[in-house]
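Take a look at the structure below.
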């Protein structure tokens, strides 16, 4: 038995036509199931029990379907409705008294079941559509009635493709306002056609797109839907639409603004009309099914524009105000029935509001912001990061200063020279990586400082990779000291090889990553100056080489330790073996520390947004330099 939650997610992911076919199939399969007796869908049940159907309360038609989950009956769908052709036209009851509501209303699928009501509406009040408003507003907001109104709005939007004026829009908005009430949100869960909320949004946008204005501002305001429209003259200096609405009866008002810049308006050769609609509760109804752990945190703003306008700016005040939770600007994909991050980019964000730049088109006309419920930032994390980076930078500077002081004394042999060459370059690359990391953190984001973000991210990527590749170079030194064949290589050749490994390989990887992902705007993360993960997985260009080097180094150290046990004290190889063992110790300490550090770094991106992972990563990142920073062996000699 599929649970109600998973059935909900499955249907919502489907496009409108697919949802209709699914619901039709579900309706047919329901007819083949022998329903249990009415009024027994309560209490304990068996997990493999067949669905239970219960009759609706008096004065309503339909039924309620229950499924057994965790050995208890839970309501899955409800088709109970009081609205029908008999009640919706309250003043003409006799006209439809002989018609059965079952023959005129089908709440479980979008078909021609409400054609009679729609046709009668067009006959009775085609001028303003007002003859059904009283009947709808008096009806309870139960799931079946919501489905009836959604179907009616859908039919009206497909019937009236022209000649929509302010009066019709006023009545249409009043019908939608009734089912968008905050008190009805929980009942949307039980509507049999889970795609109803998508159809509602699409129907409202479609109907509004046919609205014709007579040169004056249109302002149709209801509690849960607000429509603004105006005619923009040619060469206008810019327009903005501001909404201020309550999400529920007890909350404060939340604002949303749509901004059209002068530059964009110049692209339209003649006067045109702009229509914008705001919904305070529709975000709670529309499920962000393809973006896990995300909730709508602002008004849903729809905008109908001429096709020449490609960019708009939107300012969303946050419903839940938090500086520790990142938001994402999104557009509603009308074909795929889901929120899509590709439609918008974040320009600026603080604890109270988010500014987005979006690209409306025939698929994207509605926009909002999503908020992750997981905390990914905190003042503690910020302090630890900057204090840790300060400690790291100071340690690295001390390390390089000590290396400079003792350089002539500790580089007398070839292998010692090469060893300290690696140590110095590890310190330099880690120092540069930390500096560029700080530069990247001070940039406000990839939208405001895109070129600066690209530059900072490139160098952070390059220098952190260089740290790992110089660690690999130190491992290669072990092989140089153990394998006789390498003794024939001149010192200059070895130095060139080390620099090729330490800087050449990271440079190639960093350049290829930038060249492949940046043209499609997939190089940077939307909210920070670092490699993208969600869209292009560019972060793998750092993760894969780094962890591969960690594994190779650990294997190399293990093999060399086994081999060096054969060298006897006083033998000709003994002194070189002692130097090699020092390198092994150094690598054996640094490699796990570096690997552990970036293992936690990966966990912060892939395995969730736990604050503990971020704090551990910041601490290890600050301390990973300390074994080399002490440089104990420099004072002991080689």
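Just so it is clear, glycine is given a Cβ too, placed from its N, Cα and C backbone atoms.
For 1-25, the entry in Swiss-Prot reads signal peptide, with the evidence type sequence analysis.
The topological domain 'Extracellular' annotation in Swiss-Prot covers 26-386 (among others).
Residues annotated as N-linked glycosylation site in Swiss-Prot: 155 (among others). Within 10 Å of the C-beta of residue 155 (N-linked glycosylation site) we count 21 further C-beta atoms, all protein chains included.
The Cβ neighbour count for residue 219 (N-linked glycosylation site), using a 10 Å radius over every protein chain in view, is 11. Summarising the annotation, Swiss-Prot assigns N-linked glycosylation site to 219 (among others).
Per Swiss-Prot, the feature domain 'GAIN-B' maps to 233-377; the stated evidence is sequence analysis.
The N-linked glycosylation site annotation in Swiss-Prot covers 248 (among others), and the record cites sequence analysis as its basis. Annotation note: residue 248 (N-linked glycosylation site) sits in a coil segment as assigned by DSSP. Annotation for residue 248 (N-linked glycosylation site): spatial neighbours 182, 281, criterion Cβ-Cβ under 8 Å with sequence separation of six or more.
Look at Swiss-Prot and you will find 293 (among others) tagged as N-linked glycosylation site, backed by sequence analysis.
Taken from Swiss-Prot, the feature N-linked glycosylation site covers 311 (among others), and the record attributes it to sequence analysis. When secondary structure is read from DSSP and collapsed to three states, residue 311 (N-linked glycosylation site) falls in the coil class. Neighbour count (other Cβ atoms within 10 Å of the Cβ, all protein chains): 14 for residue 311 (N-linked glycosylation site).
Residues or ranges marked as disulfide bond in Swiss-Prot (evidence: sequence analysis): 329-356 (among others). Of all the Cβ atoms in the protein chains shown, 26 others lie within 10 Å of the Cβ of residue 329 (disulfide bond).
As annotated by Swiss-Prot, region 'GPS' applies to 329-377.
Less than 8 angstroms from the CB of residue 358 (disulfide bond) sit 311, 312, 313, 314, 329, 331, 343, 344, 345, 364, 367, each of them six or more residues away in the same chain. Annotated disulfide bond per Swiss-Prot: 344-358 (among others), in sequence order.
The transmembrane segment annotation in Swiss-Prot covers 387-407 (among others).
Annotated topological domain 'Cytoplasmic' per Swiss-Prot: 408-422 (among others), in sequence order, evidence recorded as a curator's inference.
Annotation comment: Swiss-Prot describes 423-443 (among others) as transmembrane segment, evidence class sequence analysis. For the transmembrane segment (423-443), the list of distant contacts is 385-386, 389, 392-393, 396-397, 399-400, 403, 449, 452-453, 456-457, 459-460, 463-464, 466-467, 470-471, 474, 498, 502, 528-530, 586, 590, 624-625, 628-629, 631: same-chain residues at least six beyond its ends, Cβ to Cβ under 8 Å.
Here Swiss-Prot flags 444-465 (among others) as topological domain 'Extracellular'.
If you look up Swiss-Prot, you'll see 466-486 (among others) marked as transmembrane segment, on the strength of sequence analysis.
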Secondary structure at residue 329 (disulfide bond), reduced by DSSP to three states: strand
Same-chain residue ranges lying at least 6 outside the transmembrane segment (494-514) that approach it to Cβ under 8 Å: 414, 418, 421-422, 425, 429, 454, 458, 461-463, 465-466, 469-470, 472-473, 476-477, 480, 486, 523, 531, 538, 541, 545
Cβ atoms near residue 344 (disulfide bond) (within 10 Å, other residues, all chains): 26
Residues from the same chain, set at least six apart from the ends of the topological domain 'Extracellular' (515-541), whose C-beta lies under 8 A from its own: 326, 328, 341, 345-346, 349, 440-441, 443, 445-446, 449-450, 452-454, 456-457, 460-461, 509, 605-606
Euclidean distance between Cα atoms of residue 155 (N-linked glycosylation site) and residue 219 (N-linked glycosylation site), Å: 24
Neighbouring C-beta atoms (10 Å sphere around the C-beta of residue 356 (disulfide bond)): 27
DSSP helix/strand/coil residue counts for the topological domain 'Cytoplasmic' (408-422): 12 helix, 0 strand, 3 coil
